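What follows is one structure encoded as structure tokens, with my remarks underneath.
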Amino acid sequence: MRDKISESTRNIFDTVWKRIFPFHEMILSRPAVLSYSGGKDSSLLLHFYFWLWAEKKIPVPCIYHLDHSIRFNLEQEKKILDYTESTFPFPNLFKKKNIPALSQKLGKTLEETGRAFRYKDLEKISNQYEGYIVTGHHSTDYLETVFLNLIRGGGWNSLRTLGWYEKNRFRPLFAFTEDEIKTISQSESWPIFEDESNQSNEYLRNRIRNYILPLLLQEGADPDRIYKNFHRMEKPTSKILLKEVSSHKTPSFLKIDVWVLNDLSERERKFFIDRYLRSLNLHPTTRNFFQDLMDCLKKMNSFGIENKEAWFWKSSSYDLYVIPKNSLCLKKFKLESKNMILKWNGSQKKISPGFIPGLCSPGAKIRKNGMSIEISEILRQKEIPVPVRKMLPILYREGKVDVICLSLWDPRLGDIVADRSRNFI
């Protein structure tokens, strides 16, 4: 699918893409969480990212929209959802919150309450997707915010507000000039869903927009130039980027919270799972395999399913494990006999002389609390995935199981030590 945009808009988009070169590394490597209100600015943002995706410049973004319960217009909210779902092949994360009631409870303005709730939600989602937040602020919004902050007693930092990239929030519309935004607005007929509250002079921001800014613009104020006087476009440092390539270590497995999956639509689930696979340097799931995986999850039973690259395993009541088939946890342990160092799953531990490492044999038991307990039952209770159980190191002494090395699988788990060998280390 390609966005139906004019040649002039396409040229502007291409020019803006070149302008934001310092952010290319971040944009190319991480998915965007687009904050979409339905207004003209967020509409421009959405279509710009649609163009970037169609040009294969970015990974699939997702669309976030919050219904503030201020519009009192259920039909318009439905139209927003229908529009995004029918036009953009991206996951939709639509939330509804009674902001007026919450505002009254917190003793804050509607704008402050809505912004706080929205950003808290956006931060949570961006962390889940290992992505970054994108908002539709531009230079005129910057001037509005400066005056808003100054009226409320702000100081020097009021002039430095709304940076290009801060707190994992990216604002690419600052790369568009006001003339370019006007040209696009005149060239395109994208649906606009304005919030009724934007027209009300009950709110300070709207009074600034309707009375103060027109006077400044009439006197020759240039929002683009003013913004650039106080902001520099700089490449995000390695601390800001989620992961440094030089220090990145692919984990041996990942766990996906099933409660998070249950709250997502099927399209969002695929996006979410594919993000986890990407973190493991694996390819996205095929449509058929993903459907098989969803069918297994719906049954609420334990299951194990595999494709060419990974195992997907879940017990009846716990999270979904994703284990690459080349994972260290699926390879046999190694023993440095000289120093008696046991290595497995990227971890290691020193063992005492007299212990012989091995694997769990069928029906093997360990003496614990005066009882002989099957090791397979212990591993099941500890939620060790079935493919891993076969490779988990066991320490034997005199032909009997003495230690189940759970700490090599997960450092948070203690080793299971047989009754007669508590002092082995």
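Positions of Cβ are set from backbone N, Cα and C atoms, glycine also.
Lifted from Swiss-Prot, the feature list:
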BINDING   SER37, GLY38, GLY39, LYS40, ASP41, SER42  ATP binding site
Other CB atoms, at most 10 A from the CB of GLY38 (ATP binding site): 22
Same chain, |i - j| six or more, Cβ under 8 Å of SER37 (ATP binding site); the result in sequence order is HIS65, LEU66, GLY136, PHE193, ASP195
For the recorded ATP site formed by SER37, GLY38, GLY39, LYS40, ASP41, SER42, name the remaining residues of the chain with Cβ within 8 Å of the site's Cβ center, in chain order. TYR36, SER43, LEU44, LEU45, GLY136, ILE192, PHE193, GLU194
Cβ distance under 8 Å to SER42 (ATP binding site), same chain, sequence separation 6 or more: which residues? LEU34, SER35, TYR36, THR135, GLY136
Under a three-state DSSP reduction, the secondary structure at SER37 (ATP binding site) is coil
Determine the Cβ neighbour count for GLY39 (ATP binding site): the number of other Cβ atoms within 10 Å of its Cβ. 15
Below 8 Å Cβ to Cβ and six or more residues apart, same chain only. Which residues does that give for LYS40 (ATP binding site)? SER185, ILE192, GLU194
Let me check the 10 A CB neighbour count of ASP41 (ATP binding site). How many other CB atoms are there? 19
Could you find out if DSSP has SER42 (ATP binding site) as helix, strand or coil? helix
